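> A single structure is presented below for examination.
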């Protein structure tokens, strides 16, 4: 903005007012666009109107102008904060209102979804899906603690810190009862941490491996063979239920693989057939007659 384009002085020569023809010699006058006029006629016919207060800008007032708009110097203030803008940077906005640079920046800045105040340059902020918060306004919907730039979980319009999300939404391990935040596995429709689903004997994880459940204990194949499985009365090896011979024959507190349960004399397989026990040995129905 700059001063108006006219001069004010006291006439020393013989000139008459361009408008009322009164003599100007010895009087205060105004010269504008090559015309001399008295102060009264200047304000009546020539003075610019202040765009802010709508009153004429008289010869005794300091005038500022910008793009064919005029202000009294004391009217040239920020529309928002009323700070004088004489010799200060400004912006001409809607309705011909002038704004200081700070108020312009605040008005054009995005609004925080938390406090609804502007986020101006230099403010730490958090952005998510075209929404923005001051860093300290981005809080957990459950515990209200500041999430800031930390990890979070969105749920509809709400946001949760890791701890609150675990307790509110995560599945709970069937063994340790703590939340399962990632990974894990399911056995008999119950969730487990991978590190909780382990062999009761060697403590190795069982995820993706063959295992045997005995009541509420789990065993890998090797530990089941060594610690739990019955030994076959025929071959003396563990009866695991894996692979060949998944069927088991039980008789008087002893067990056999189905393929090991055979006649002591003729080796005929006796699973699901009649047999005779003589002196602790198993025979088919015919062989005892030949002894």
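Yeah, the Cβs are placed from backbone N, Cα and C, and that goes for glycine too.
These came from TrEMBL, pasted as-is:
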DOMAIN    48-109  domain 'LIM zinc-binding'
DOMAIN    110-171  domain 'LIM zinc-binding'
DOMAIN    230-291  domain 'LIM zinc-binding'
> In the domain 'LIM zinc-binding' (48-109), how many residues does DSSP call helix, how many strand, and how many coil?
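Going by DSSP assignments, the domain 'LIM zinc-binding' (48-109) contains 14 helix, 18 strand, 30 coil.
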> Mind tallying the domain 'LIM zinc-binding' (230-291) by DSSP state, helix then strand then coil?
4 helix, 21 strand, 37 coil
> Give the mean pLDDT for the domain 'LIM zinc-binding' (230-291) on the 0 to 100 scale.
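Mean pLDDT across the domain 'LIM zinc-binding' (230-291) comes out at 79.
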> Helix, strand, coil residue numbers for the domain 'LIM zinc-binding' (110-171) per DSSP?
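Here the numbers are 11 helix, 21 strand, 30 coil.
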